[in-house]
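Engineer: First the structure, which I've put down as structure tokens, then a few questions once you've had a look.
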């Protein structure tokens, strides 16, 4: 292993006494983000004012940061751009794919896809009003459901509830054999597991940057298009910063070259600045080291929980190669158990109806953290410490 | 006047020796934003981690800040929400309007609309593929072009180049008489001039928050829907945070009540935090005081420039009641003149082909600033100080 995990951990500002197993939902604060935000606000926004769009390189951030993320997902230089939210990027990719396969009517996805991806597809189908069909199958049925009716196969590589991982290369290959395009959501992949969109031949990939990439709450999303597709795509969300010459103020939209046409409006520079600092942490980090360590941590967690808490049922694949970088357990009282865990300094999260989710993020988690987390969870289960009104009372968001 | 402009000016961190006449493009840094960003990063993101979505009120920010902006544009409580970029909000409103007027085919706009609004309309029309027509007329021809073919009248109230202002109430009334809906872009209105979307009967209003509202580079956009429309709109961009129950993870999209259905993805919390601090500046500010002072400043500027620089031609309406809070002059060498001005500490901006734009923002500009700006501009014109290669060389963004 070449990655120094003690060194990467030191780059985060982690609260004292907390074991954070929810980096798959919102990554923690990289120390450098504080200074970077302050500099962006004071020295750039404050002192350079409007001229910072050029002088501080703001206008190029969506592409520059895109390339930094591209390295982590196997995307060539100039094929990833940042902006908007993941839902918007799903819409852009899906609209483009449906236009490129205008003779087909089916969007194929699975029940493990994140609801927002499915909702965006439903909204797009309704808006188009051309009889497209969203076909939702079980994850294990996807391969057989890829027929020549399918315009685009839209999947999230790693299931947000269970961590179950699809065979991205295999399914992409199968989709291409059937003449379909592919749209992969890498929300739980980027920074979590090794990804190579180029080797897999992926057409469109999207993802968010506030989970494993630690870009901060509401950090912008990314989108990648395969180089051979990019110049054929006609953007549905044809915003001025995706124009060939945004500052010519032409009366007609002409798409920019390549991935730049997936830009829409003015980029969120404060979020971009925090994300840029968060990406510094990844310099010198080898994704195969991340994967090795993530498996060590998650296997230790599963073994510990199963030994100490037999009432918790593993909801994730037992084979570490069949899951991403999270582990989930089921329990009918999952909500209250998670509240008790959080009250005792172990932060994971709950996903309806009964899933306790734990993310394993080697950049800042050690084997000792995992040992302690298991011990605290076991104590809560043994003493039924979760069985209190204050833990059962549901907040709006968990 | 009840507004204390010396006090509001002290709330901004303005660079020494700079006269900033470009707050209509990017507002300057409110001092409170620095501390607020630091707190949001350290105490909320850093210490509360994922729990900050509830504990720090992050999840409610799009609505809470929406209400703060609502006060400035005459929108009732609960009818404005923040998120995404202005281009995305234009798309949402336009898609909704076209669905509500499904028997009509025409989007009417004018050549003074901001290009991105026009581009978004072009992209939506192409995506819909149902033969909608974008009719672009000259600003003075709008009223007569409102026929019963028009589904939606889409205008920017204040022209981004000249500052010319439409009669929002009158045109909205005329549109309604013809059975059309209205979509008003308030990018150059919110925080610039008194706006009352309720009195004007506006159906949809959108705007950005990084200009006169000083929310920072890439601050989120806002959208307002008239209360009687909101629950009839079926969102085209149906993201999870616009769902009735985002955390139920239902397989089907069901729109949230009212304006919340215009939320899409995860909100940009760092940008929201900076914007929230920027909105503090508006507490106790009366928009009619802003208007009075803005007219004083802009009239003084026009008088000064016309007296000292006859070669600059006023491109804005001479009647202050016919324009927003900016003044533009034309000159064939506008680009180089603006570069020379910036190099001499007066920041405005240039808009192709020949427009020099100057924004008047009473929160932080004084009559003395205007006097000095005129003096510096006059010096540059008299000495042809703009006629240097370094001022003529065009950067990508200005």
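Cβ atoms here come from the backbone N, Cα and C positions, even for glycine.
Annotations in TrEMBL come from automatic prediction, not curation.
Sequence annotations record features per position, and here TrEMBL assigns pyridoxal 5'-phosphate binding site to A:86, A:87, A:114, A:115, A:116, A:117, A:156, A:185, A:188, A:210, A:240, A:266. Here TrEMBL flags A:211 as N6-(pyridoxal phosphate)lysine.
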Engineer: In terms of DSSP three-state secondary structure, what is the assignment for residue A:116 (pyridoxal 5'-phosphate binding site)?
Structural biologist: helix
Engineer: For chain B, give the subset of the recorded positions A:86, A:116, A:188, A:211, A:240 whose C-beta is less than 8 angstroms from one of that chain's C-beta atoms, in sequence order, otherwise 'none'.
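Structural biologist: Out of A:86, A:116, A:188, A:211, A:240, A:86, A:116, A:240 lie under 8 Å of chain B.
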Engineer: If I restrict to non-local contacts, at least six residues apart, and a C-beta distance under 8 angstroms, what lies near residue A:116 (pyridoxal 5'-phosphate binding site) in its own chain?
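Structural biologist: The list for residue A:116 (pyridoxal 5'-phosphate binding site) reads A:86, A:87, A:90, given in order along the sequence.
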Engineer: Whole number in angstrom, please: the longest C-alpha to C-alpha distance across A:86, A:87, A:114, A:115, A:116, A:117, A:156, A:185, A:188, A:210, A:240, A:266 for pyridoxal 5'-phosphate.
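Structural biologist: With A:86, A:87, A:114, A:115, A:116, A:117, A:156, A:185, A:188, A:210, A:240, A:266 as the binding residues for pyridoxal 5'-phosphate, the largest Cα distance is 30 Å.
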Engineer: How many whole Å apart are the CA atoms of residue A:114 (pyridoxal 5'-phosphate binding site) and residue A:211 (N6-(pyridoxal phosphate)lysine)?
Structural biologist: 14
Engineer: Residue A:156 (pyridoxal 5'-phosphate binding site) to residue A:211 (N6-(pyridoxal phosphate)lysine): how many Å between their Cα atoms?
Structural biologist: 14
Engineer: Can you grab the distance from residue A:240 (pyridoxal 5'-phosphate binding site) over to residue A:211 (N6-(pyridoxal phosphate)lysine)? Cα atoms, rounded to a whole Å.
Structural biologist: 29
Engineer: Can you check which residues sit near residue A:188 (pyridoxal 5'-phosphate binding site), meaning Cβ under 8 Å from its Cβ, same chain, 6 or more apart in sequence, and list them in order?
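Structural biologist: The answer is A:24, A:156, A:157, A:158, A:159, A:160, A:163, A:211, A:212, A:324, A:325, A:326.
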Engineer: Mind checking which of A:114, A:240 has the fewest other CB atoms within 10 A of its CB? They're the binding-site residues.
Structural biologist: A:114
